[in-house]
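In what follows, a single structure is set out as structure tokens and then discussed.
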Amino acid sequence: MARAKIALIGAGMIGGTLAHIAAREELGDVILFDIAEGTPQGKALDIAEASAVFGKDVALKGANDYADIAGADVCIVTAGVPRKPGMSRDDLLGINLKVMKAVGEGIKAHAPNAFVICITNPLDAMVWALQQFSGLPKEKVIGMAGVLDSARFAYFLAEATGVSVEDIHAWTLGGHGDDMVPMVRHSTVGGLPLPELVKQGWLSQDKLDAIVERTRKGGGEIVALLKTGSAFYAPAESAIAMATSYLKDKKRVLPCATYLTGQYGLNDLYVGVPVVIGAGGAEKIVEFETNDDEKAMFAKSVESVKGLMEACKAIDSSLV
């Protein structure tokens, strides 16, 4: 049986980390693509040489031509400009929209059957635009955000409660921005919903509120510390989890930016919701029961996403 082919579009910090993880996990042969000559080739060679140490047999190739992604089973898109201190994800809109157009056209021409995971920010608008530019089925184009945001939520909860992250299930909904909605009632520690943990004295309501706010600002916290870029380890791990569920038909339920067709009362946009990822791509959306407060927060987050979509349409009239 032929090995899977994984095309990583963008050879920056996330792209290089993705290539390393994909090789170590033996997910498939890796094409690391970038427009910068030498960068993908150098990183691919470095990881290939490392494979002789960690003992995994995979092929890695750096490329500057979209023709090299031909026949890819999975494309993970990180191409674009990352955030710098003082920037919001939305500040990246104009330049990264142009990047998504080039990437979408490259995927359409050479890897039309791929499952596409977008990481480029502002995420919800970029994955929506990428799907239109590529013309791929909507269930085959998805955005990585909720897995990362939920992982941050889970880590902060583990830190506060002293419980293993393996026993924490945290969920975030909505857009990948400061208006995201950490789902407190639906997140659990050892099976106990977070409000019950507060009642039992595991953590105070003030501490929980602080964790929720830190989750919303989690990306900015890392940008401020790094000063020259944004997070890359956790985003890469998150995208690999999504790709693995697709390639191995695991049917994992993961929070991702997914195209909605009536779920949560919404149509014709991408926003973060729990979704079953299997061999068919985004196979089934899980709809949480939400109370009035959660509905209001989710609606606010969706309005932010819609605003970004309208801004994209103003820049590129081909988007509808």
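Just so it is clear, glycine is given a Cβ too, placed from its N, Cα and C backbone atoms.
Features of the protein shown, as given by Swiss-Prot:
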type     : residues                                                 : note
BINDING  : G10, A11, G12, M13, I14, G15, D34, N96, I119, T120, N121 : NAD(+) binding site
BINDING  : R83, R89, N121, R152                                     : substrate binding site
ACT_SITE : H176                                                     : active site, proton acceptor
Once near-sequence residues are set aside, which residues in the chain of I119 (NAD(+) binding site), 6 or more away, have Cβ atoms under 8 Å from its Cβ? I14, I76, V77, T78, G143, M144, P235, A239
What Cα-Cα separation, expressed in whole Å, is found between H176 (active site, proton acceptor) and N121 (NAD(+) binding site)? 9
Quick check: in three-state DSSP terms, what is R152 (substrate binding site)? helix
Among G10, G12, the binding-site residues in question, whose Cβ has the most other Cβ atoms within 10 Å in this structure? G10
G12 (NAD(+) binding site) versus binding-site residues R83, R89, R152 - nearest by Cα: R83
May I have the list of same-chain residues other than R83, R89, N121, R152 whose Cβ is within 8 Å of the Cβ centroid of the recorded substrate site, in sequence order? P122, L123, H176, G177, G219, G220, V223, S230, A231
When the Cα of N121 (NAD(+) binding site) is compared with the Cα of each of the binding-site residues R83, R89, R152, which one is closest? R89
Given the recorded positions R83, R152, H176, which one is most crowded in terms of C-beta atoms within 10 angstroms? H176
What is the number of other Cβ atoms found within 10 Å of the Cβ of I14 (NAD(+) binding site)? 28
Neighbouring C-beta atoms (10 Å sphere around the C-beta of D34 (NAD(+) binding site)): 22
Measure the Cβ-based neighbour count of N121 (NAD(+) binding site), defined as the other Cβ atoms within 10 Å of its Cβ. 28
Over all pairs in R83, R89, N121, R152, the listed substrate binding residues, work out the largest Cα-Cα distance in Å. 18
Taking G10, A11, G12, M13, I14, G15, D34, N96, I119, T120, N121 as the record's NAD(+)-binding set, what's the max Cα pairwise distance in Å, rounded to a whole number? 17
Taking the Cα atoms as reference points, how far is G10 (NAD(+) binding site) from R89 (substrate binding site) in Å? 18
Local backbone state of I119 (NAD(+) binding site), from DSSP in three classes: coil
